[in-house]
Each structure stands twice: as structure tokens, then as C-alpha cells.
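J.: Below you'll find the structure I mean.
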Amino acid sequence: MSHLMNTYARLPVAFTHGEGVWLYDEAGKRYLDALSGIAVNTLGHNHPALVKAIAGQAARVLHTSNLYAIPLQEQLADRIAEASGMDEVFFCNSGCEANEAAIKLARMHGHQKGIELPHIIVMENAFHGRTLATLSATGNRKTQAGFEPLVQGFIRVPYRDIEAIRKIGEHNHGIAAVMLEMIQGEGGVNVADEAFQRDLRALCDEKGWLMICDEVQCGMGRTGKWFGWQHAGVMPDVMTLAKGLASGVPIGACVTAGKAKGLFGPGNHGSTFGGNPLACAAGLATFDAIVDDKLIENAVTVGEAIRKGLAEALDGVAGVVDIRGRGLMIGIELDRPCGVLMERAAEQGLLLSITSERVVRLLPALTFTPADAQTLVSMLAPMIRDFLARG
Ligand SMILES: *Cc1c(COP(=O)(O)O)cnc(C)c1O
């Protein structure tokens, strides 16, 4: 009997090593990795510069403490600030922790404005994590069920519904922030249109609310810009990062600008591991590789190739509802639950995930080549066609 807590319905596959966009299992079978550990392995597997950075740092020092200066942390904060135009970074170890920091900032901001019980507007189908505050912010009952009482202070609206948000602002004077993903990942790869993003920014400015963008999944170049909000040219007050930030070494970041800058002082927040030298070395290597190898441009062209290839291969196939996304964050929505496709794809040597029950989700490494895109399309399209024809 396994001594692991039963928190995941795992496929019975274990990988021993990876090379680029391929993973190998214990039997030596290879798998095209179109999931990247859920948007984590930004640089694929065994990327030479990343391995070198991690090994080199491990041989120097792994961890000191945030009680001392950590120059690598300052350098990584500089890179995030440069890519985003934002100001300050707090480092932690995961997406939910980054969002916890953002939620605390929003409450701090509310209190400074004299709001006694500050509330945050959040979206239906949002995913923000599994800690108590972030599961309360998450717009999925399954994530919350059994963990009541939920953390208070969240008001939910339909995704992309600016009028619903405006209406709340008219009646409720206790709002401190709006928190959302510019592309919902777990919610089914739903893209916030640019007009909505700009309207939301204007409304937050008008009301003095913080605009908080959860970029944990869509950030770090995946959508064809460093960050998802850059497509609309609006800057949030708070942005959270994690998954792809250090290509597989655990890290999270809460980034601030504008009204959110300077809200925390010593004693307000902290993390033992957050931004330790090993994680920051991996983060810096990730930034370097994205810039040096033009991986954001690559995400645009290869993402387009995948979407176009799938659109052609699935043209006229009944049951394909939509093919959407930006860059290398892609969803193929079907007209029925398709959870079985994850296992079937793995059997055939392709790694992907199903999200929101009916959406095949692709999150390939930013190092995917046009040839990899072709391989992916030629493996996936027949699988989807077969599933829709025969179940
Ligand atoms: C994965 C994810 C999280 C949670 O990140 P963890 O590192 O698992 O805590 C939060 N927000 C979004 C958008 C995510 O995709």
C-alpha cells in the first residue's frame, strides 16, 4: 500500500529523464511533452544552460536566509521589473503563496483607504490555488467543497463581465481590488479580450481598486508576451508569478507597481525559502534563455502553427467546439467530457491535460520547434477525431 496521500488521480507512468521536449519512462518509451508539468518546464527538459546554472549554484550555496542580502534575488527582481515595467518583487515558492501575498496586499490597501472589511472581486471559473484564501478566491465549487468555512471577503462575477463589476462598485464601497487571470488556465483556457482588460484598468483607476493579475500559468512568455496583460497594454498594480518562472525549481513571486508599491514593510510578510539562491539562479537562467533564444517570438509562431495545424486537421469535425488560446497556451474545447483523452494520449506517447472537463489543454515548452508542432498535431488530431467518432 502506498504511503502517499491520495490527492491526485495519477496515471501509472513514471519518467526517468527528459531531453528537450521529450520525456522517457522506466521502460524507455518516449513521450512528446505538450504539458511541461503544467506550464512549469519553460525550457523543456535537461536544458544545458539551466542545468549548468543550477549545478553551479548548488556547489556554491543553496540557501542562506532572507535575514541576509541575496544578490541573486535582487538580480531576478531586476529582470522581472525590466520585463514588466513594474516596481517591486516579493519572492515565495508557489503560485498559491504568491496569490496569498497579493490578497494580503489588497486588504492592506483597503485598510489604508479606511475600508474596515475590504473585499476583492474575483471571477467565475478562476483558479488561484489550494490554500484557504486562494481556494476561497477560486471560482470552482469542487476546489472548495469540504473546506468550509471559506475565507471571507471575495465577491464573484462572471468572467469578462465589466458591467457586473461596475454594478458592484456602485453599491458596495468596501471593494479594495479585482483579481483575475488574463487567460484562465484551469477554467478552460478562456481569454480576456483586450477591450475588457482596458475597461477594467480604467474602472480600477476610477475607483482606486488594485488590479491584480494572476499570471502564475500564463506568464513568463507563454502567451507570446512576457505577461498576459501586455497584450492589451494595461499594467496591473499587482501580478503574481510561479509555475514557469524558474523552469522547474519551485519559486513564486508577487510583483507590485503603482498604488500597490510600498504597502508591505518589514514584519508584514515573509517566507523562509522564498527566493533562495538556487531558485533565483534557475529563474535568472530562465530569463537569459528566453531572451537569448528568442523564445517569446517562438511562442508566437509555434503557437500559431499548432492552432492552425489543428484547425486544418479538425476542420468540419463534429464535436470540436473551439480552438483557442494565445501563443503556447492552447485549449481545444469539445462538446463532451473528454477526461479519458489524457490517458489515451499518454498511451500513445503524448502528454497533455484535460481541464474544465471538456477542454484539451496544451502547454508546451517555449522551446517547441515548428517540427515539434507538426509532430504534436499529427499525433493529437487523429486522437480527437477518433474519440469524437467512437467515444
Ligand atoms: C497553478 C496555478 C496556481 C497555483 O499555483 P501552485 O504553485 O500550485 O500553488 C494559481 N493560479 C493559477 C492561475 C494557476 O494556474
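Note: Cβ is positioned from N, Cα and C throughout, glycine not excepted.
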J.: Of the candidates F127, F147, F154, F368, which one does TrEMBL list alongside D214, E215, V216, Q217, T272 as binding pyridoxal 5'-phosphate?
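T.: The candidate from F127, F147, F154, F368 that TrEMBL ties to pyridoxal 5'-phosphate along with D214, E215, V216, Q217, T272 is F127.
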J.: Determine the binding-site residues, out of F127, D214, E215, Q217, lying near ligand 1 in the sense that the CB is under 6 Å from one of its atoms, and give them in sequence order.
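T.: Only F127, D214, Q217 meet the Cβ criterion.
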J.: Counting only residues 6+ away in sequence within the same chain, which have a CB under 8 Å from the CB of Q217 (pyridoxal 5'-phosphate binding site)?
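T.: The answer is I38, A39, G95, E181, I183, G185, E186, K243, M329, L363.
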J.: State the Cα to Cα distance, in Å, between T272 (pyridoxal 5'-phosphate binding site) and R130 (N(2)-acetyl-L-ornithine binding site), rounded to an integer.
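T.: T272 (pyridoxal 5'-phosphate binding site) to R130 (N(2)-acetyl-L-ornithine binding site), Cα-Cα distance: 20 Å.
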J.: Cβ distance under 8 Å to D214 (pyridoxal 5'-phosphate binding site), same chain, sequence separation 6 or more: which residues?
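T.: Result: G95, N99, A102, A126, H128, M179, L180, E181, M239, T240.
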J.: Expressed to the nearest Å, what is the distance separating E215 (pyridoxal 5'-phosphate binding site) and R130 (N(2)-acetyl-L-ornithine binding site) at their Cα atoms?
T.: 16
J.: Where S271 (N(2)-acetyl-L-ornithine binding site) and V216 (pyridoxal 5'-phosphate binding site) are concerned, what is their Cα separation in Å, rounded?
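T.: V216 (pyridoxal 5'-phosphate binding site) has its Cα 18 Å from the Cα of S271 (N(2)-acetyl-L-ornithine binding site).
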